[in-house]
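Features reported for this protein in Swiss-Prot:
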- Asn104: N-linked glycosylation site (CARBOHYD)
- Asn249: N-linked glycosylation site (CARBOHYD)
- Asn257: N-linked glycosylation site (CARBOHYD)
- 1-7: topological domain 'Cytoplasmic' (TOPO_DOM)
- 29-371: topological domain 'Lumenal' (TOPO_DOM)
- 8-28: transmembrane segment (TRANSMEM)
Amino acid sequence: MSFRKVHIAIILLAAVVFLLILHHNILGLTDILTRQSSDSAPLVFQRLEALRDAHESPPEERQGEEIAVVIPGVEERLGGLVAAINSISSNTKSNVVFYIITTNDTKGHIRSWLDGTGLKRVTYKLLAFDTRVLDGKVRVDAGAEPVKPMTFARFYLPNLLPETKKAIYLDDDVIVQDDIRDLYNTPLRPGHAAAFSDDCDSVTSKFPVRGAANQYNYIGFLDYKKERIRSLGMRANTCSFNPGVFVANLTEWRRQNVTRQLEKWMELDVAEELYSKTLSASITAPPLLIVFYQRHSNLDPLWHVRHLGSSSGKRYSPQFVKAAKLLHWNGHFKPWGRTSSYPEVWEKWFIPDPMGQFAPIRRHGEADGTK
């Protein structure tokens with residue numbers, strides 16, 4: 001009888017131990033499931049975002065503050081984008097992240113070019129620009145060149161980079177010959193959302209653009225015969241600036257709602273034709289000139305040596321071009337075109353397209369695919 005009691009007690013004890021272990025495991029599993037259910041959504045979202053938009057960091061990952069460099073990626077000009085990125089990344093050891101604004105049908109070409117060449121070392125993110133935001137905001141004159149929507153992407157930097165506080169914007173027809181960190185560190189005065197290089201600076205004003213009157217003043221971009229322009233009280237002889245290179249304080253940009261201010265003047269131009277037709281066909285500079293009138297800081301002139309694309313001749317001396325920190329081929333004569341100024345400087349940084357869709361055009365019609 002006593003033996004049966006002992007046997008029953010042992011069985012009951014074993015059952016209790018089993019139930020305790022089972023209870024513990026169930027609690028642990030419940031905790032794991034609870035944590036997974038609360039964390040899985042953002043983790044999946046972040047992973048998809050990384051795969052969709054970001055190139056993985058290179059093995060020799062660069063440390064320090066992120067320097068955001070924004071460049072448009074237009075299909076027919078991708079050679080310019082690649083050369084610009086190569087020149088920047090080769091001249092700095094800083095943690096540069098390239099934000100390439102493009103369209104969905106160009107993303108694959110960009111990835112192929114950057115990931116399949118020596119540029120696989122760079123870190124970049126592809127940002128899709130929704131051109132529908134421009135509906136009703138861009139006037140198209142009869143006989144004018146087709147509007148290129150990507151040129152307005154610079155107006156929407158805070159929307160495209162919502163978490164970024166400061167960024168550099170560059171057109172795709174530039175070459176950087178110094179450490180981009182120096183440009184990024186350009187001091188911006190309190191209340192200023194951007195820094196530009198004035199057209200009346202000591203560098204560019206010495207080399208006038210042939211045949212262009214009022215080439216460096218507001219009157220060359222805005223129609224001062226219109227009452228709405230005159231009522232702003234802006235002096236017609238105020239120095240203009242080129243918006244192809246600038247440093248932006250995006251925190252201040254958001255605070256002042258600069259994007260909406262720019263859109264306002266775009267819409268008013270559609271209704272009232274406020275831009276001047278005497279100098280150039282620029283439709284991006286006028287709203288920027290209005291919004292940033294006497295409210296922008298200045299870049300070092302050597303960080304925006306421009307007008308190399310205004311003619312096929314050599315505007316500057318070889319010594320000066322070598323000393324420049326950033327060269328800009330704004331104008332019709334691009335460095336990848338048939339004729340241009342100092343194409344050899346640009347070609348130094350060009351990397352041939354692995355897909356064979358882009359090649360510089362040179363004299364006699366041959367394509368030059370050399371680096």
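Here the Cβ of each residue, glycine as well, is placed from N, Cα and C on the backbone.
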Let me know the DSSP-derived helix, strand or coil state of Asn257 (N-linked glycosylation site), please.
coil
Work out the three-state DSSP category of Asn249 (N-linked glycosylation site).
strand
Would you count the other C-beta atoms found within 10 angstroms of the C-beta of Asn257 (N-linked glycosylation site) for me?
12
Position of peak Cβ density within 10 Å, selected from the glycosylation sites Asn104, Asn249:
Asn249
Where Asn104 (N-linked glycosylation site) sits in the secondary structure, as DSSP reduces it to three classes:
helix
Between the Cα atoms of Asn104 (N-linked glycosylation site) and Asn257 (N-linked glycosylation site), find the distance and write it as a whole number of Å.
27
About how far apart, in whole Å, are the alpha carbons (Cα) of Asn249 (N-linked glycosylation site) and Asn257 (N-linked glycosylation site)?
12
